[in-house]
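Contents: one structure, followed by commentary.
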Amino acid sequence: MQNIFFIILIVCVSATANSLYQFNDQTRDVGLAVCENLYGLMAYPRIIQNITVLRTSPLRIRVYLVAQGPSRAIPFSVEGMVCQVGFDQNAANAACRSQNFNNAVLVSNIDWQEPPGGSGQECIMNTDSYKSVIPCEYIMSQINCPESAVNLADCRFPPLFSQTSSCNRHTHVGLICT
């Protein structure tokens, strides 16, 4: 969870710096509004709506969520990686079924490092009013899926970004979907 607060801090500082750099009456409060909204995404209860597989090796996903604020629901999405810890054949099947495949081969111990910025492979955090590049970190691990799951959203798992110390650059999971 501390990783997501660090990411929000970076996004807020960047947005505030940009709004101060381009200071005028229309933009001076943009950075503060963005920080307040992004903080709300983590402070309010969140409900996962859907999980989309973006890439199968290493497995990268986009999680669509809704933060239940006091006066309105705030939709947003966040992208990240999946750790192999607790990822089993049922989870692999669910991820492949979400892409309209019937079979999954699970590949463990994939070694991966985030490519340099500007490579087009960055992860994105997207709200209705702000889109930002974020570090491609583990956002899911210990996924427990029933045999009938057709999407990772049908599974149980700890809160997003709560990885175990066993997750490192050598523990990415990959899938071959057929």
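Cβ atoms here come from the backbone N, Cα and C positions, even for glycine.
Nobody curates TrEMBL annotations by hand; they come from automatic prediction.
Sequence annotations record features per position, and here TrEMBL assigns signal peptide to 1-19.
According to DSSP, the secondary structure content of the domain 'SRCR' (45-178) in residues is 12 helix, 59 strand, 63 coil. Per TrEMBL, the feature domain 'SRCR' maps to 45-178.
Sequence-distant contacts (6 or more apart, same chain, Cβ under 8 Å) of CYS145 (disulfide bond) comprise ASP88, ASN90, ALA91, ASN93, ALA94, LEU152, ASP154, CYS155, ARG156. For CYS145-CYS155, the entry in TrEMBL reads disulfide bond.
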